[in-house]
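These notes are about the structure you will find just below.
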Amino acid sequence: MGKKIFGTNYPVSICFIVVNEFCERFSYYGMKALLTLYFLTYLKWDKDLSTAVYHAFSGLCYFTPILGAFIADSWLGKYKTIIYLSIVYVIGHVVKSVGAIPTVGSTELHIALSMSGLILIALGTGGIKPCVAAFGGDQFDEEHTTERQKFFSIFYMSINAGSFLSTIITPILRGDVKCFGGDCYALAFGVPAALMVVALVVFIAGSSLYKRTPPQGNVLWEVCNCIGFALKNRWNKSKHDPPKKHWLDWAEEKYSMRLIQEIKMVLRVLVLYIPLPMFWALFDQVVKRLIFLPLVTSKLNLGLLDFGACYTVILTEEAGKIVPHKIEDVKANNVHIAYQIPQYILITAGEVMFSITGLEFSYSQAPANMKSVLQAGWLLTVAFGNVIVLIVAEGAGLEQWIEFLLFACLLLGVCIIFSVMAHFYTYVDPEEMEKLYLENSIELNKTGKSTKM
Ligand SMILES: NCC(=O)N[C@@H](CCC(=O)O)C(=O)O
């Protein structure tokens with residue numbers, strides 16, 4: 001039994017995991033906050049290319065969790081996967097920061113370094129993401145489910161504290177600190193790199209306290225084979241054999257009941273997740289607009305921007321001071337930006353309820369040997385959300401209000417579909433199932449029967 005935080009059922013090891021997540025998210029979001037501007041102003045790409053690469057990168061970061069989960073659950077275990085992929089992540093940051101030093105090589109080299117850095121970062125951040133959340137859940141004793149649920153809230157708070165602070169700090173570093181005769185991208189990318197080193201060090205510092213569950217062989221390979229066998233068998237035998245309750249039951253003659261049940265559990269959850277990318281698509285769109293407004297206003301010192309207005313700003317030098325002059329190109333529609341506060345509060349409340357529940361649900365509904373896999377399934381909803389944004393928002397070129405309305409209507413439809421699906425979902429308790437399998441296999445051993453469990 002691991003050490004507990006004084007007087008509670010919370011293991012001490014989760015402190016290291018929460019701090020690790022804070023630093024890692026600081027590192028990821030801090031770097032991402034600058035990315036579009038870096039492409040536009042440093043690499044001199046046009047807006048379309050910059051936006052496309054930005055979304056492709058964001059999407060990739062949430063597709064790679066599948067790879068990390070595969071490595072963790074089938075091969076290295078979560079602990080080693082987090083350490084090895086964090087090293088890849090740090091290397092990615094370093095390569096990216098070097099690419100942002102103007103004196104290092106030509107523009108082609110900067111592009112090559114930036115792209116290689118981003119690929120390594122996507123591999124690192126995505127790879128460790130499902131493992132860190134599931135590893136945090138693993139630290140709790142079976143009976144401490146309430147504490148584990150609260151842990152996911154704290155974990156989510158650390159994600160958002162890290163992302164919030166870095167999204168403010170790194171753009172300031174870029175603009176306010178000058179190096180090599182211009183904006184200091186090298187420093188602004190260097191700070192997230194340093195934070196990722198801190199994340200790794202903190203994680204390693206907790207090593208002696210972690211509860212580690214060893215990987216149970218090549219689970220995913222077995223899952224794929226079992227699904228393949230069930231489909232083949234069904235195709236070959238369903239014409240003459242009696243029907244089965246579930247299509248996966250066609251794998252019974254070769255695979256254990258336990259594996260079949262576990263695959264059913266995972267598939268039911270994944271099917272439930274199908275409508276969810278729409279939430280992230282809307283969320284991503286809204287947050288993107290929110291991030292850039294305060295940066296523009298604070299930098300040029302113009303006060304709050306009026307709703308719907310578009311300005312040209314001319315900077316003149318008067319008595320040794322830079323003075324901004326605002327010319328209104330598109331008239332404001334007289335609605336103060338503060339009217340958007342309730343909407344953002346509602347969206348944030350929605351996010352908190354949606355995300356924390358999703359994280360905890362993905363953990364609690366996964367069989368012990370596929371915890372990271374289901375976390376990766378949850379993160380895939382973010383990845384597909386990015387794909388929707390790329391196709392609908394960036395590709396279709398709709399007016400902003402039409403785009404928002406479209407996304408809101410689609411999300412409403414999705415909410416209704418999801419509610420119906422969730423209504424028919426029955427919760428499983430993987431620990432209870434585990435006990436049942438154990439009791440059954442002891443019983444069968446006693447009676448000498450040989451049935452696959
Ligand atoms: N505010 C967005 C956010 O927190 N996103 C998460 C990913 C989604 C999730 O885990 O629910 C993140 O960046 O880790």
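Cβ coordinates come from backbone N, Cα and C, glycine included.
Looking at 153-173, 342-362, the range tied to transmembrane segment in TrEMBL is 153-173. At the 8 Å Cβ threshold, with sequence separation of at least 6, the transmembrane segment (26-45) lacks contact with the transmembrane segment (373-393), having fewer than 3 such pairs. Beyond the ends of the transmembrane segment (153-173), by six or more residues, the same chain brings 14, 17-19, 21-31, 33-34, 37, 133, 136, 184, 187-188, 191-192, 195, 291, 295, 352, 355-356, 359 to within a C-beta distance below 8 angstroms of the stretch. Stretch with the largest number of CB pairs closer than 8 A to the transmembrane segment (111-132), among 83-105, 185-206, 265-283, 373-393, 405-428: 83-105. When each of the listed stretches 51-71, 83-105, 265-283, 405-428 is scored by C-beta pairs under 8 angstroms to the transmembrane segment (373-393), 265-283 comes out highest.
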